[in-house]
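Quick one: the structure is below, questions incoming.
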Amino acid sequence: TLTLFTGLVQLLLGLLNLGFLVDFIPLPIISGFTSAAAITIAVGQIHSFVGISHNVRRVFFLTIYDLCHYVTEVKPGDIVFGMICIALVVFLKYFKVHIEHLRKTQDQTSAGRVALKFLWLVCTARNAVVVMTGALVGYTLTTQAWFSGQLTLISTERFPLPHPQPPNVTLHSVKEIGIGIVVAPFISFLESIAIAKAFARKDGYKVEPSQELVAIGFANVVSSFFSSYPVTGSFSRTAVNNQSGVRTPAAGIITGSVVLLAIAVLSQFFHYIPKTSLSAIIIAAVLPMVDVRILYRIFKIRALDDLPLIVAFLFTLILGIEYGVPMAVVVYVAILLYRKARPRHELKLYPGVICVVFNGGWNYPGVEYIWRRITSEIATAPNPPYSMRKTSLVILDCSAMPEMDFTIVQALKDECSDLQKKNIQCVLVNCQPQVLKIVERAAIKNLQLKTTMREAMELASEGEESMEVIVSTNSTGPTKSQT
């Protein structure tokens, strides 16, 4: 039931082109998630790599605990063969680069071209080569009495293929699932799209989020008729596919067909594959996805952007892959809201004049912050005879403000009313057409609109001589602070 509703929700979101929601998953989150997921998956393969027969829990620290608990079951044969498999995979990976260089830079005879093509195919199919080599070694060694039990092979247990049947959707089952009907589709999609974007960035292609939603939703709907759990993207399988040279979704058809054949009729032929060889392939595929250097690169540009990366990394390690991205997205959105609540601006002080120059948008979360700064400056400004003049003018330079919402307009009305009681005028300068229309419709009292800073300065109430000094600065002057 959960799988069916997960698929239906994802299909609906995809058909409505709501894939833009993944725009809230920036590069730091993807990098943190990818690195933590790679480490978690690699550590999760260690028990098979070293020959421990017991299953271990998926969460990183629990996996470490379980490995320490079963350390007495470690088999030297599995470790040695696993290391050989990793070395072979890595060697073939880099040897392929050398082969491609030779094919492009040197002229070969027909025999040479055939030989290089054969070597290129072997290197490209390195994971299959390692599996077949492992099966051959496993078959050979299991016939030797002295080596019996030193190499852990995969299970020979056969499982029947599930028969299609309609999901058991009842009111009781829906009530039991509860909020999971909403949460499961988003968690499933976030994990899948994070994996997709990580490999898209690595290989230089684009991901269409809405199309991904439709695909994974359709997969869940079909899977629900086979009593499946909700499905999502597989990090380890994607990494193995990437390392194997897979380029199109058609590879999934081949992989799925082989899996079905292996389950149904070929299980006895796969029995001799050592578990450690499969773990070696996965470990070699995922570990290159760990990116430590990006932490420093982000820190050099904007240190705050390291926070979502660290949150994604730690939560993925501590709680699991399905929690890292959502928690990091929450932190990232909080940072965005904080930036909105603290709009970038410069506050400039002239004799009798307070000027606020916005360096970007001004939205409702930042209304109170800006007016608190203005009010504070008015309250602390010295009055005559300690100053040349009393504050009589507040100027808001809106040249970089593309829009204005209702909350801003209402705040302008309220603050202009308060300023009028203090004999202080408020002026908006350099308003863009859209902002100008909104302000004119609002008809705010004690608010004037000017097109240039010079015109605004002319409203100051003091002498002509000081006015000329101010006007000659043409909106430049001592900067009080910058946010």
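Placed from the backbone N, Cα and C atoms, the Cβ positions cover glycine too.
This is the feature table in TrEMBL:
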type     : residues : note
COMPBIAS : 471-483  : compositional bias 'Polar residues'
DOMAIN   : 343-470  : domain 'STAS'
REGION   : 464-483  : region 'Disordered'
TRANSMEM : 79-97    : transmembrane segment
TRANSMEM : 118-141  : transmembrane segment
TRANSMEM : 177-200  : transmembrane segment
TRANSMEM : 212-231  : transmembrane segment
TRANSMEM : 251-273  : transmembrane segment
TRANSMEM : 280-299  : transmembrane segment
TRANSMEM : 311-338  : transmembrane segment
Under an 8 Å Cβ to Cβ limit, what residues of the same chain, 6 or more beyond the ends of the transmembrane segment (118-141), are close to it?
81, 85, 88-89, 92-93, 95-96, 99-100, 103, 147, 150-151, 153, 240, 243-245, 270, 272-274, 276-278, 280-281, 285
Do any residues, 6 or more residues outside the transmembrane segment (79-97), come within under 8 Å Cβ-to-Cβ of it, and if so which ones?
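For the transmembrane segment (79-97), the far contacts come to 49-51, 119-120, 122-124, 126-127, 129-130, 133-134, 137, 151, 243, 274, 276-277, 279-281, 283-284.
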To what whole number does the mean pLDDT across the domain 'STAS' (343-470) round?
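When the pLDDT values over the domain 'STAS' (343-470) are averaged, the result is 82.
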Short question: which residues 6 or more past the ends of the transmembrane segment (212-231) have a Cβ under 8 Å from it?
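Here the qualifying positions are 1-4, 6-15, 18-19, 162-167, 184-185, 188-189, 192-193, 196.
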Grab the same-chain neighbours of the transmembrane segment (311-338) for me: Cβ-Cβ under 8 Å, and only residues 6 or more beyond its ends, written as numbers and ranges.
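The answer is 24-26, 28-33, 35-37, 39-40, 58-61, 186-187, 190-191, 194, 235, 304, 365.
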